[in-house]
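Colleague: The structure follows.
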C-alpha cells in the first residue's frame, strides 16, 4: 500500500495538475477530494493540451481509476460538458468513478454566488462565481442535494421543490432578482444525472479496496493551502479544505492510510483574487514573470498577481499539511532575472515574525524581509537532471529547501511531462 497526496502550498495555480499527471504514471488510482469546477488544471498529454476543471488528471490513463470524491461539489452541467470535451478528443472515460455522496451545484447556487459578489462591491472575495460557496453552504446547512438524490427523480423533485421556496425568496426579496421555476431545473438536471450515472458509486469503498490490495493511490488537491477555509487567508479563501487533512474527509480514506504529502510550489508566488499578498511585485520584473509564466487563470482568464517566493507561506503549508516533499515548478520562468529574492520573514510594526499571521489586518501591514540570490541566464528547459542545472539555480533550490524545512524531491522546467524531473521518488515506502 502506498498513497501520495498532492497539495498546493501557495494560493493555487502552482502546477499541481502537471505534477499529478506526472505522478499518475506510477499510480493505479487518482482521486480529487475537494472543490469543484472553480479550479482549472492544464495538462499536456501526447502533445495535446487539455484543460480540465472537474475530472481528475488521471483520466488519460484508461487502466487507472479516476475518482471524483465525496468532498467535491459537482456541477452536473459542467461535468457533462467536460465529459463531452474529452470524448470529442477521443479520450476514453470508462475509468471514471463519481461519489454518490458528492453534493451538486444547481443554477440557483450560481445566481446567488454572482449576486453576492456584486453586492459586496469593494469587499468582494474574488470568487469564480461558479456556485461553489453557496453549494457548500447548503451542505453545511443540511439542505444540499447529493448525486445519489439527483439519480432518483422523486427524491430530486422533493428536495428541489423544498429548496426553491427558500432560494427564490432570497433571490427575489433580498437580491431583487428573478427566481427559478421547478420545471426550469428538474428535467434538465435529472437528464444530466442520467448521462453520468454509469460512473456513480461509493468511491470510499473503491479507494479503500485499492489501498488494501496494495495499490498506489494518488490524491489530487485543488487550489492551495492559503485558500483553505481553516488555514488560509480567511475570508479570501475557498469553501473547502485543500490541505492534506481534507483527504480523509473528502475521500473517505482514513489518515493512517496516507504515506506522503507532496507540496507543489512555484519558484515564485502568484495569487488570483483579492486579499493581502506581502511579496507582490508591481514593477517590470513582475510583468516579465507574468508574461513568461503565462500567469492567467485557467478558469477565469484573469491576470494573476505575481510576487517573489515566500518561505513564510510555504513553511505554514508544511506545518498544516504535514509536507514530506516539495515539488518546485516553473523554475525556467526565472531565467534571465539578474537578482532573485526570497522572503525569509515579515516585519510587523518593527518586529520580525517568521510565522504566517492569522489576522489579515496584520498581514496587510507586513513588509517582506528579503534575502537576495544571484540568478542565472542559461536556458534550463532542456535539462534532464539536477546536475544539469546552473550552480545558481541549484543554490536557489537548496535555499528554498533550507528555509521551508522540506526537501525538494521534484522540479519542473517547462510545461511538458518530460520537463519534470525526480530527485527522490515520492512513491518510496519510507
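Cβ atoms here come from the backbone N, Cα and C positions, even for glycine.
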Colleague: Pick from 195, 223: which one does Swiss-Prot list with 13, 14, 15, 16, 38, 39, 40, 41, 128, 142, 238, 302 for the same IMP site?
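Modeller: When Swiss-Prot describes the IMP site, the candidate it includes is 223.
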Colleague: What subset of the binding-site residues 13, 15, 300, 413 lies within 10 angstroms of residue 38 (IMP binding site), using C-alpha positions?
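Modeller: Those near residue 38 (IMP binding site) - Cα within 10 Å - are 300, in sequence order.
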Colleague: Could you tell me which of these recorded positions, 41, 304, has the greatest number of Cβ atoms within 10 Å of its own Cβ?
Modeller: 41
Colleague: What three-state secondary structure does DSSP assign to residue 41 (active site, proton donor)?
Modeller: strand
Colleague: Spatial neighbours of residue 40 (Mg(2+) binding site) among the binding-site residues 18, 128, 223, 300, 302, 413, defined as Cα within 10 A: which are they?
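Modeller: Candidates kept after distance check: 223, 300.
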Colleague: Between residue 12 (GTP binding site) and residue 303 (substrate binding site), find the distance joining the two CA atoms and give it rounded to the nearest Å.
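Modeller: The Cα atom of residue 12 (GTP binding site) is 14 Å away from the Cα atom of residue 303 (substrate binding site).
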Colleague: Nearest to residue 300 (substrate binding site) in three-dimensional space, by Cα, is which of the recorded positions 41, 128, 223, 413?
Modeller: 128
Colleague: Of these binding-site residues, 38, 42, which scores lowest on Cβ atoms within 10 Å?
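Modeller: Candidates: the binding-site residues 38, 42. Fewest Cβ atoms within 10 Å: 42.
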